Amino acid sequence: MAGVVEELVKKAGGCAVIDGGFATQLEALGADINDSLWSAACLITKPHLIKEVHMQYLEAGADVIISSSYQATIPGFLARGLRQEEAEGLLRTSVHLALEARDEFWKSTLTKPKPIYNRALVAASIGSYGAFLADGSEYSGSYGDNIMAEKLKDFHRRRLQVLASAGPDLIAFEAIPNKMEAQALVELLEEEDIQVPSWICFSSVDGKHLCSGESFGDCLQILNASEKVAIVGVNCTPPQFIEGIIREFKKQTGKAIAVYPNSGEVWDGRAKRWLPAECFGRKSFDVMARRWQEAGASLIGGCCRTTPSTIRAVSKALKGRDRALISLESSESV
């Protein structure tokens, strides 16, 4: 499974670019995501906007685009009055929209005299149990005393089966806030014998621990033991912590490392607005991305409040303005 990732990183010139904030861009296109399903609501109401966001990130230079299924869960869809088969169909749609965008963009790229893109991979997103609860526990990792690993496996099982069967290149478990859920996901990958390479990315609020307060080291031991997990990393995390996290991960794992932090902006709950990022000082996101690559990250992108402009800058910073990003092997593989 690591071979897929190694090939991707190699074709990208040593560091692949992940896309950016999805809900952020849906809102920019006019979508209303004030919904318990968050951005996944657009799978029901405005799927064309989802495809448009994927296209924008591909044009920006993303080597990996992530499906709109982070908050898409079967229980969540059932609560909206959908039937089981409809809920599962929407999960498949999230992957198919990304695949369609990727294939259409790649076809158009091959018609250009000097193509400058790689054929992107599609990662099917799976958010944490806390993301489904939407009660703040995705930021604390505290699910309560009655939630055990078996319940988490039961919660994720059918969604994982459906998404894996939809044809993605990767499975992306995103913003996992505690060790118990990481353990449950690794066990689930084995139990279901998932053949799609997976990544598991944690979230952190202090750069030293998961949101739960548990150590990265303890969690990485679990991931290191799994051949199903090809990539480890962090997302939905303040950018000022990323370089230190990468260096710590490099000491404790031989797996590829992915990082896609937030923009650095801070939500002011009282004023109901985002405050400008101050954590970079005079450094921009793309300048920091070069530091993250030098520290050892193999995949770099953005999460909340990052945009196609952010990813375009990151792509140029990591790959260079003049170097063709597409390899001969990429063309021959189509």
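Including glycine, each Cβ sits where the backbone N, Cα and C put it.
Features reported for this protein in TrEMBL:
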type	residues	note
DOMAIN	4-318	domain 'Hcy-binding'
BINDING	C236, C303, C304	Zn(2+) binding site
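Neighbours of the Zn(2+) site: apart from C236, C303, C304, residues of the same chain with C-beta atoms within 8 angstroms of the site's C-beta centroid are G21, A175, S203, N235, T237, Y260, P261, N262, G302, R305, T306. Between the binding-site residues C236, C303, C304, the minimum number of other C-beta atoms within 10 Å of a residue's C-beta occurs at C304. Computed over the domain 'Hcy-binding' (4-318), the whole-number mean pLDDT of the model equals 93.
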